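Visitor: TrEMBL lists these features:
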TRANSMEM  A:39-59  transmembrane segment
TRANSMEM  A:87-110  transmembrane segment
TRANSMEM  A:142-167  transmembrane segment
TRANSMEM  A:187-210  transmembrane segment
TRANSMEM  A:217-234  transmembrane segment
TRANSMEM  A:272-290  transmembrane segment
Amino acid sequence: MSTAEERVAVTAAPVAARPRGLRTLGLFRNELVVTFRRWRTLALFAILAGIPVVVGIAVKIETSDGGTAGGEGGGPAFISQITNNGLFLVFTSLAVTLPFFLPMAIGVVAGDAIAGEANAGTLRYLLVAPAGRSRLLLAKGWAALVFCASGVLVVTVSALATGSAMFPLGDVTLLSGTSISFSEGLLRALAVAAVVTVSLIGVAAIGLFVSTLTNSGIAAMATTVGLLITVQILDTIPQLHAIQPYLFPHYWLSFADLVRDPVYWDQIMRNFGLQGLYLAVFGSAAWARFTTRDITA
Amino acid sequence: MAPMDPTTDHDPADETSTLRRGKTVRLLVPVGVAGVAAATIGLVPALASSGGSPHPDLPKTSAEKLLTKLAASDVQTVSGTVKITTDFGLPGLLGGSASHARGGSPFGPGPDASKAASEIAKSASSADPSFKLTELVAGSHTLRIAADGPDRQRVSIVEDAAEYSIIHSGDEVWAYDSGSNQAYHAKAPAGHGKHGKAGDERGRLPEGVPTTPSDFAKQALKTVGPTTSVTVGSTTRVAGRDAYRLVIKPKQSGSTVGSIVIAVDADNGAPLKFTLTPRGSGKAAVDVGFTDVGFAKPATKNFRFTPPKGTKVTEAKDRPREDHGLPGGPLNGLGNRLEGFNAVGKGWTTVAEFKLPGGGLDGSVFKEDGKDVPGGLDPQSLLKSLGDKVHGDFGSGTVINSRLFNVLITDSGKVYAGAVTKDVLIAAADKS
């Protein structure tokens, strides 16, 4: 893989002269460039950007005869409000992509982070540079988080563009029935995007940990995505309600609480705490594994 | 390998042992983090529920003083979050159809029940309050309330990514169901709700299941009499506020009510929490309490509602007010058809007695205006599956049990119901 060698050259040469902080920054920047230059990443973004368009068109067709989308409260969250206000397409799109598309994309990127390099035989070159394993892992982790935020932003921007093109915009009626101005609604949409990004931290941490366990990028991706699906299924079985509050997707839909008036923080805070917990446990596990394992590839 | 490892900047001689020790220590880090997390999860709820001191030091008070404080409480403005948990131990089918509007899980109500429920749902707007509030009868719900005097209140039921709100301002009552994007509009009757006690704050909303602690408290206080013991329990904290606990217990045996506990705000006398525990059971059947409360004046925008463009608005028909007392959804109107309604007994052991319309169990009770309620429920087999067969001097009948209410339906078509034990029901049936 030529990009990795290129990167080694970039990091290795000037590194000795630079202070440590800058070295991490350089590593991080390189990770970002490598991640976002991949065709795979761009394809994932294209899929994510396409979903709001599909949802928008579907709602437009369904309501073209004057009916309401979703009927008696069916369908994904917020879908019945899209015809009132295009801004709700942002919330619907995030509710649609959050259970699967977004975490799958993160699983692919995070799962591939270390294992992919090992698979391609480029990991040892990366470690030849005196950057250190902890800092390499940190850079990989940050790149994964930036990817989370970018994925969410792609969905948000695409939904906003589609929503404003197809549906009326204006004052936003919140779930509680009170109205706020459109600009305030836009702020809430951004806050929702931020909460959704935070919601994905748990998956990213698990993906990174799995990635340090194996030398096969595909295996790491498959494990992460498989785990994601399994946990989502466990989260729907009523008999398992005792463990459900500790499953990482359990509070994902809590972003909807930002669209209430007043904002209902209870579940959002739990979500933050849970994601922090997963980050701490799986992040430290990834670090422990990565800094102690034998790198043979 | 060694040069690639960042941990080994030392002498090559120390290298191996340092590496090995470092390895063990590092592998322990995630285990430690997980352990600390597990311990925190175990401890935090215990700490959070107490919120500092579990039993704050408050000046002693008597039951009478506390009751007066509760009754005299003149809290006009309140806003907060109310958690309502009900567990009546209803037979599965009834509980299932009561919670139909959430759509049900794959493991929820059977096809019959959900089909019947959806048919019923179609006949009324899903934003109709009396219909929606019956949902509160089963399970756990979060409500958010705000009140500003007798003229402006709102109650919202928090649902997954949706909310159902009832907003009352002046003579307007709006209900908005964000999940189905439907609204319901009614004009509140004029001249009602002039008495501005906190307990009446929902008085002008379409009545249904009482939802705020005040409503439940009022209801319980009505039954205070010679049949009842009222004492002051240990102090407590509710939603971060110090509170007295008023403990109400029936003196009569035969009641299924174990105790009713009302937490009364030590500062302003507002009821903060209401708990009803059935006799001989540790778990509350009804638990309504603030998890978060403030007594400042809520912002005016809370009480303003304009239906968004595209929202389907159902205007209320001029419904007679008597209808509101029976939020039975499908059972509405049943009350008009009951013959020979009679209350037997006194106080806590009062038993309601009435005749099933049509005499016997020919299934007419399950018909609305001569038409079958869809769902294909055969009343006989339904009863059999729900209750136990009993015999007495009155003949034989079926008793349907729940944790709080018991109902005896005799084969001759009489119904005895109350928050009393099975024996009291049979005795009441024998007497008449």
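Counting begins at 1 with the first residue displayed.
From the backbone N, Cα and C atoms, a Cβ is placed for every residue, glycine too.
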Visitor: Residues of the same chain, at least six outside the transmembrane segment (A:87-110), with any C-beta under 8 angstroms of its C-beta?
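Guide: Sequence-remote neighbours of the transmembrane segment (A:87-110) are 35, 40-41, 44, 47-48, 51-52, 55-56, 59, 76-79, 81, 143-144, 147-148, 151-152, 155-156, 158-160, 162-163, 166-167, 169, 172, 182, 185-186, 189, 192-193, 196, 199-200, 203-208, 211, 221, 224-225, 228-229, 232, 249, 252-253, 255-256, 259.
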Visitor: With Cβ distances under 8 Å as the criterion, find the stretch in A:39-59, A:142-167, A:217-234, A:272-290 that has the most pairs with the transmembrane segment (A:187-210).
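Guide: Maximum Cβ contact count belongs to A:272-290.
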Visitor: Report yes or no: does the transmembrane segment (A:142-167) come within contact of the transmembrane segment (A:39-59), defined as 3 or more CB pairs under 8 Å with a sequence separation of 6 or more?
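Guide: Judged by the Cβ rule, the two regions touch, with the required three close pairs present.
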Visitor: What else in the chain is close to the transmembrane segment (A:272-290), if you only count residues 6 or more beyond its ends and a Cβ gap under 8 Å?
Guide: 114, 133-134, 137, 141, 198-199, 201-202, 205-206, 208-209, 211-213, 245-246, 248, 250-251
